């Protein structure tokens with residue numbers, strides 16, 4: 001365990017200047033991909049919304065346009081580090097809108113993944129808070145960074161929902177082992193104990209699962225499974241981005257790692 005911690009520490013020293021940038025790019029990848037998809041599948045998306053909600057041509061067009069502009073615009077702002085807080089709130093709105101429009105609210109797996117995506121945005125919001133003037137400047141708190149700490153806690157807890165969708169409930173040895181190790185790691189991240197090491201381990205695990213199970217590039221583009229795997233791949237990549245933010249920034253003040261410093 002000690003040698004693993006040393007390797008993780010060495011990795012963080014080498015990558016500390018690049019990790020936040022990589023984390024941001026991974027985190028916004030699903031919004032970037034979905035925004036581009038709205039452009040290339042404009043008619044299909046509009047027709048789906050119009051047929052599903054019987055809202056008419058105009059409102060369906062507005063929905064697609066809002067998703068396209070909101071997602072691509074938010075990605076540009078986040079990558080350029082301009083108005084990041086407003087971009088995050090805009091993307092929160094896009095997640096909520098899509099959750100209702102595509103009936104994700106009634107699909108537990110996809111709902112948990114959307115909440116995990118929201119957790120990544122919460123962590124990005126916490127990071128942006130330390131870079132400029134806080135949007136919560138007038139809110140009384142117990143400490144100067146209290147809102148940031150609770151955003152980091154909420155982000156960590158929401159992120160681990162992604163891994164709950166990956167648990168396999170069968171009696172095979174590999175599944176039992178995977179569930180035990182995965183559950184231990186997500187608990188560590190959620191409570192903030194050995195957080196950076198646990199989050200980095202989850203990044204490696206999730207990256208391997210993502211490349212193996214969501215290899216959309218092996219499926220012909222005309223098959224529906226291609227789009228399904230592509231969506232899953234980029235959504236999982238965004239959660240990886242959120243975990244990389246945890247690795248780069250640490251768990252925040254509301255965590256066992258922080259409390260250990262007071263003991």
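Glycine too: its Cβ is placed from the backbone N, Cα and C atoms.
Marked as transmembrane segment by TrEMBL: 57-79 (among others).
Annotation comment: TrEMBL describes 86-105 (among others) as transmembrane segment.
What TrEMBL lists as transmembrane segment is 173-193 (among others). Proximity of distant same-chain residues to the transmembrane segment (173-193), defined by a Cβ-Cβ separation under 8 Å and at least 6 residues beyond the stretch ends, is recorded for 153, 156-157, 159-160, 163-164, 166-167, 199, 201-202, 205, 243, 246, 251-252, 254-258.
Sequence-distant contacts of the transmembrane segment (200-221) (same chain, six or more residues past either end, CB-CB distance under 8 Å): 8, 11, 162-163, 166, 182, 185-186, 189, 227, 229-230, 232-233, 236-237, 239-240, 243-244, 247. Residues annotated as transmembrane segment in TrEMBL: 200-221 (among others).
TrEMBL lists 233-254 (among others) with the feature transmembrane segment. Residues 12, 16, 19-20, 22-34, 113, 116-117, 119-121, 123-124, 126-127, 143, 145-146, 148-153, 155-156, 159, 162, 189, 192, 195-196, 199-200, 202-203, 206-207, 209-210, 214-216 of the same chain lie 6 or more positions beyond the ends of the transmembrane segment (233-254) yet place their CB under 8 Å from a CB of it.
Long-range contacts of the transmembrane segment (86-105) within its own chain (CB-CB distance under 8 A, at least 6 residues past either end) are made by residues 28, 31, 49, 52-53, 63, 66-67, 70-71, 73-75, 77-78, 111, 114, 117-118, 121, 124-125, 128.
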